[in-house]
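Annotation source Swiss-Prot lists (6S)-5,6,7,8-tetrahydrofolate binding site at Ser111, Leu112, Leu113, Pro114, citing sequence analysis.
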Amino acid sequence: MPLRLIFMGTPEFAVPTLLQLIAHGHEIAAVYTREARPAGRGMKLQPSPVAREAHRLGIPVLTPKTLKTPAALDEFRSHGADAAVVVAYGMILPQAILDAPPLGCFNLHGSLLPRWRGAAPINRAIMAGDAETGVMVMKMDAGLDTGDVAMAERIAVTDAMTASDLHDALALLGADLMARAMAALARGGLQLTKQSEHGVTYAAKIDKAEARIDWSRPARDVLRHIHGLSPFPGAWCEMLVDGEQVRVKILRCGVVKGPGEPGELLDDRLTIACKDGAIRVLELQRAGKPPMKADAFLNGTPLKPPMRFA
């Protein structure tokens with residue numbers, strides 16, 4: 001039996017879940033998302049990815065600045081939803097909102113809780129060198145990602161994965177998982193399990209100040225740092241090009257052998273020495289320029305030893 005749902009989400013990560021719920025026959029009474037924000041060269045107001053999709057589908061869209069007022073609660077209740085589905089909404093739900101739907105509010109989280117509670121689980125999993133991560137559906141409570149878990153799916157994390165790659169994989173995996181969870185909820189067969197009190201870690205929001213590459217770390221750590229911050233905010237370093245100090249973001253790389261001083265360019269293929277081993281740059285981006293493959297970059301900006309990356 002299909003459910004009547006409120007969907008609450010904002011970025012691209014949430015769109016596949018919205019589409020899967022509709023494909024499985026659930027009725028979306030309303031979509032809650034964050035307000036339009038300036039973006040692009042002209043800094044024009046742009047609706048969120050979820051808002052764009054909801055408008056295309058003819059679903060009512062709401063962008064409240066707060067959910068803490070009696071009026072916001074009354075409006076939320078007026079939709080007559082059985083449950084709410086929350087995917088990267090970007091606003092904390094007060095207890096009154098959590099209590100409003102008869103069947104509860106259910107969140108899709110991009111980690112294997114209780115590891116990486118918080119804002120940046122995908123980035124932190126890669127940066128920490130986790131061998132696997134996943135997605136979980138939990139019934140929300142007042143804590144930070146502390147609700148009872150309904151379902152989970154795991155995925156291996158490889159050295160080749162960037163945060164963007166893992167984001168896209170988890171978005172699709174999570175959409176299928178939430179559809180299965182809502183089907184079980186509709187049947188009355190959704191089983192909930194308390195989160196473990198052991199292994200709790202927190203995925204702090206990414207700070208741009210931590211994006212600078214430290215070449216004095218082992219090569220594998222540098223790779224994880226680069227991939228965990230790719231494409232945003234982008235791990236960066238500086239190099240000298242035509243007498244000018246240029247900032248470059250490295251978006252994708254691989255670990256290779258190569259002894260040298262940390263930050264030293266080892267060859268003409270963008271191999272850079274680290275404390276232990278080296279990385280070979282595969283994709284990068286100069287400030288104000290689009291991302292490009294290393295080969296294309298080197299065609300326009302040949303680099304040869306001796307030089308150093310700061």
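Positions of Cβ are set from backbone N, Cα and C atoms, glycine also.
Here the features listed in Swiss-Prot are placed on the structure.
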| residue | record | CB count, 10 Å |
| --- | --- | --- |
| Ser111 | (6S)-5,6,7,8-tetrahydrofolate binding site | 24 |
| Leu112 | (6S)-5,6,7,8-tetrahydrofolate binding site | 21 |
| Leu113 | (6S)-5,6,7,8-tetrahydrofolate binding site | 23 |
| Pro114 | (6S)-5,6,7,8-tetrahydrofolate binding site | 18 |
Query raised in the report: Around the (6S)-5,6,7,8-tetrahydrofolate site (Ser111, Leu112, Leu113, Pro114), what further same-chain residues have their C-beta within 8 angstroms of the site's C-beta centre?
Result: His109, Arg115, Trp116, Arg117, Pro121, Gly134, Met136, Asp145, Gln195
